[in-house]
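Down below is the structure, laid out as structure tokens.
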Amino acid sequence: MDDEQLGTFVSWDYVVFACLFVVSSGIGVFFAVKERKNPSSEFLVGGRQMTCGPVALSLTASFMSAVTVLGAPSDVYRFGGSFILFGVAYTFVVIATAELFVPVFYRSGITSTYEYLEIRFCKGVRMAATLIYILQTILYTGVVVFAPALALNQVTGFNLWGSIFATGIVCTFYCTLGGLKAVVWTDAFQMVVMVVGFMTVLVQGTRKTGGAASVWEVAKNGNRLDIFDFDPDPLRRHTFWTISVGGTFTWLGIYGVNQSTIQRCISCKTETHAKLALYFNLLGLLVILVCAVFSGLIMYAFYTNCDPWTAQSVTAPDQLMPYFVMEILGDYPGLPGLFVACAFSGTLSTVAASINALATVTYEDFVKQCCTNLSNKASGWISKGLCIVFGVACTTMAVAASYMGGVVQAALSIHGMCGGPMLGLFSLGIIFPWTNSMGAAGGLIVGIAMSFWAGVGAFIYPALDINTRPLSLSMEGCLQANSSDPTSAVPPSHLVPTTLPSRSSLADHWYSMSYLYYSAVGFSATVTAGLLISFITGHTRSQDVKPWLLRPVCNLFCFWSKKYKKMCWCGVHHELKQDMECPDTDTVKDEGPFVKEDIGRKGMKRKVQPAKNCYNLQEKAHDNAGFTEDTKPF
């Protein structure tokens, strides 16, 4: 179809889109009014009374927003259906998060994941991790803001930069409304919108291409179904190993130790609900993944003889999906608006939650450390000011995201470069009892340096096609329909041989590594350097580490006998219930950025009393005993 024949937004599209936007905002306003008199704990963690259902939907919608709706089908269209292998990575990630990380964070009674780092190591490590989180979130949020703005630009003709700035303004406003309950329930609603939008595209796209059998046959002939490539070469962009191994490390950094994920999990009324939320979330991830992959296959079948990207009908691969939607749904008023809402719905709350989280960690970890006597009114104004500052920062980053290439690779590269070292840092604390503060800090620095070296180098020296291996696309139908000149619709880059600049061996190997391995590189470097530095500087004795700060990996294997598990505990007394109790501790002595003394309030031992954070001490899914009260001196 010619570009002039493509439909544009009509009044019904605007109505559908506006209605979905109003409903999402209305949920936030409802909880903002309802919870306006509740304390900050209600705002941050929903009173720790959330159930697994809405939390599961919220987790899925938060990390499967416009980046997936727009980027994944485009990736399948160009590179094939191997993207479906991310389902393997999602499965490993959810199991590891539910059984390894969430129990530690939930039982410790913390609100911020970085609070754990101060308890386990020291204040300096916590501050460093917070700074990295701020950097990572601003970068990622910029990509998330750019993606729906791109969709709006393609299907409605809205100015791209105007869409970006409008999105940033709306999200900055939205982040000042309702607390975690508003975010969770809005995400749950938007998850439904995403599925409905995808299903609309799948049904109409399949009908337009002649049925499911026709789609499958065309995809097979175009090599889009060559999914299992077991080539171990780490330079290959997508193989079974890069996706299942590299993807696991990348998404574990997103799910396992990310503040946004953990905050939702610890908002659940029990640890069992937190784990169930993650497992139900896995089902949601797989549903969205399957929808995205099949959308890409249908899009390829539809454009098998006339690729709009090669024909320059679109200027970027991530515009393919909205272009396809307008071509198959343009004759049905309201449906293009539904798709744009599908792409946009997961973004509003995700971006707003990111801005709110950035403001929260900045206030808690930096402002309160410098200004200890702030009034409630002053604290409120400072928090709102921080929301505005980070809203501007994320919007500015969205402008830069337009130069980063495909939104999927850009987003996962950011998570890999920052998330890998962060995953390694928390793993040093949770899995390895010998790690000390110097080892944690040194490992984090080394991990960040290694992952950014690889990621930034790859941005400067992009991998060659021999590693990315894009599949062939045809323009035969375009030439027959539009021109008798076979060169008229072909981009110059496809016709004129270009002389590549000289590339060093480093560029052809280290910088050409698959972007999915950035996280694994950062994780490995952080853990290796952290353990080496810890043993060089005097490692922490296992018996000096509180058991509730650790999670032995061997305990995940239920078929192991207690004898072998105890050997792997490395001297930590995990079998003693009193050692598994989580005391209400404060860092009361700070003699430098990497020195701390961790004792209970008033130096007293404690006995168990009902937890003030609504933690169910009678639940059998855990061994800790919650918070305690002072009883007698040591």
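A Cβ is built for glycine as well, from the same backbone N, Cα and C atoms used for every other residue.
Automatic prediction, not curation, is the source of TrEMBL annotations.
Model, not experiment: these values are computed from the prediction.
According to TrEMBL, the feature transmembrane segment maps to 12-33 (among others).
Here TrEMBL flags 54-72 (among others) as transmembrane segment.
The transmembrane segment annotation in TrEMBL covers 84-106 (among others). Among residues of the same chain six or more beyond the transmembrane segment (84-106), those with a C-beta under 8 A of the stretch's C-beta atoms are 113, 116, 227, 238, 240, 243-244, 247-248, 250-252, 254-257, 261-262, 265-266, 268, 271, 274-275, 278-279, 281-282, 285-286, 289-290, 293, 426, 430-431, 548-551, 553, 556, 622.
Sequence-distant contacts of the transmembrane segment (127-152), counting only residues of its own chain at least 6 positions beyond either end whose CB sits under 8 Å from a CB of the stretch, comprise 65-67, 69-71, 114, 117, 158, 160, 163-164, 166-168, 171, 259, 316, 318-319, 321-322, 339-340, 343-344, 347, 350-351, 354-355, 357-358, 361-362, 365-366, 390, 393-402, 404, 407, 410-411, 414-415, 418-419, 421-422, 425, 441, 444, 448, 593. Residues or ranges marked as transmembrane segment by TrEMBL: 127-152 (among others).
The transmembrane segment annotation in TrEMBL covers 158-177 (among others).
Residues or ranges marked as transmembrane segment in TrEMBL: 238-257 (among others).
For 278-303 (among others), the entry in TrEMBL reads transmembrane segment. Sequence-distant neighbours of the transmembrane segment (278-303) (same chain, 6+ residues past either end, Cβ-Cβ under 8 Å): 52-53, 55-57, 59-61, 63-64, 68-69, 72-77, 81, 83-84, 86-87, 90-91, 94, 97-98, 102, 191, 194-195, 198-199, 201-202, 205-206, 208-209, 214-216, 218-219, 222, 224, 255, 265, 320-321, 324, 327-328, 473.
As annotated by TrEMBL, transmembrane segment applies to 338-361 (among others).
For 381-404 (among others), the entry in TrEMBL reads transmembrane segment. Among residues of the same chain six or more beyond the transmembrane segment (381-404), those with a C-beta under 8 A of the stretch's C-beta atoms are 138-139, 141-143, 145-146, 149-150, 160-161, 164-165, 167-169, 171-172, 175-176, 351, 354-356, 358-360, 362-363, 367, 374, 410, 459.
Residues annotated as transmembrane segment in TrEMBL: 410-432 (among others).
The transmembrane segment annotation in TrEMBL covers 444-464 (among others).
What TrEMBL records for 515-536 (among others) is transmembrane segment.
When each of 54-72, 410-432, 444-464, 515-536 is checked for Cβ pairs under 8 Å to the transmembrane segment (238-257), 410-432 comes out on top. Between the transmembrane segment (410-432) and the stretches 54-72, 444-464, 515-536, the greatest number of Cβ pairs separated by less than 8 Å involves 515-536. Within its own chain, the transmembrane segment (444-464) has Cβ neighbours under 8 Å at 125, 128-129, 132, 235, 237, 404, 413, 416-418, 420-422, 424-425, 503, 506-508, 510-513, 515, 517-519, 521-523, 525-526, 528-530, counting only residues six or more beyond its boundaries.
Listed by sequence, the residues of this chain that lie at least six past the ends of the transmembrane segment (54-72) yet keep a Cβ under 8 A from its Cβ atoms are 83, 143-144, 147-148, 150-151, 183-185, 187-188, 190-192, 194, 197-198, 254-255, 260-261, 264-265, 267-268, 273-274, 276-281, 283-285, 288-289, 292-293, 295-296, 318, 321-322, 342-347, 349-350, 353, 406-409, 411.
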